[in-house]
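Q: Have a look at this one before I ask anything.
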Amino acid sequence: MKRQTVMIVDDTPANIEILSESLGDDYELFFATSGFDALELIRADKPDLILLDIMMPGMDGFELCRILKGEPSTRDIPIIFVTAMIEEEQEIKGLELGAIDYLTKPISPHIVRARVKNHLELKRYRDLLETLASAADRAKKEFLRSVSHELRTPLTPIIGMTDLVLTQEEDDNKRKYLGMVQKSATRLLGIVEDLIETSRLEGEGGAPENAPFHLKSFLDMVVMEARAMADAKGLTFNVHLDAALPEVVVTDQAMLHKVLTMLLGNAVKFTPAGAVGLEVCRQEIAGEQMLQFSISDTGVGIDEADLERIFSDFTQSDGSITRSYPGLGLGLTLARRMTELMDGSIWAENAPNGGSVFQLQIPLVLPDPDGVLPTSN
């Protein structure tokens, strides 16, 4: 088995020698006598654990720890501070920066070996669990992808044949049951399509395809589709478009359309009576121009505890989300993932007078003035 690696960082060679002798030949050891040298070596070699002195000239141990914990490639490396300082304030500072333990000077070889061994064992088991979890997640996604494609194959002709029979059947009772079959098959196909889309977004095909398009024409299409859903259920559909909206924007039009369709579809689905609304405006947030879409309804509302959980992958063992909001499906999970791919954010709120409001924000990117604009639909 490959020996685990330990980096010892101390500006005093005698302290490095004591720590090296304490660890013996059980580990592969690396050394640095300054924070700057250590940072370069750690970024290159990624040791399994770092023994780090605090009081060093130039870059002290606290600063080096702060940098390492701020970088994705090094933040998970365990750091044990080695110091003669035992003040509570300094100890708290080190732990808050991300260190996992302290060793105090003068060094006890037995304590050094025990603590290094324990923390490396914990890291090894954590790494193993992460590897197993990743493998299980990949297997699950591959299974869902395969099953989804297998399910979609027969569902499409079932829906098509049912539609064909409905056009020829005159018996009202039979038409009723055929309609139920078609509706259920269509709903199941929608779930299958969501599963396939989830797998695609989490794979290599999830990158957004940004291109300029006319915002008003796009919103007219979204409004027309949403109004048809609302009218079919007898709901009022309210629309407010900010006069300051630009004519042309740049983002993934298909992805944005899917997110808005999901949010508006859910608003209609969970509103038994009343109204559904869409508001689109231009906002400046922290100096950045954003497009904000607000989808409101007068429906059942959402429990405060579930306002964030409804965007999860529905992996809770108790299945509480799907029981509380039957028919929610994977739509909000997909909406969250697509929004993240567009560098945006999405969240839900409860409206003061009942119902809920879903907020979607994406960066407002305008086309290059020298580029060619798309023609209006």
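Cβ coordinates are placed from backbone N, Cα and C, and glycine is handled just like the others.
Those TrEMBL annotations? Automatic predictions, nothing curated.
As annotated in TrEMBL:
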| type | residues | note |
| --- | --- | --- |
| DOMAIN | 5-120 | domain 'Response regulatory' |
| MOD_RES | D53 | 4-aspartylphosphate |
| DOMAIN | 146-366 | domain 'Histidine kinase' |
Q: What is the total of other Cβ atoms whose distance to the Cβ of the residue listed as '4-aspartylphosphate' is within 10 Å?
A: 26
Q: Give the residue counts of the domain 'Response regulatory' (5-120) per reduced DSSP state, in the order helix, strand, coil.
A: 53 helix, 24 strand, 39 coil
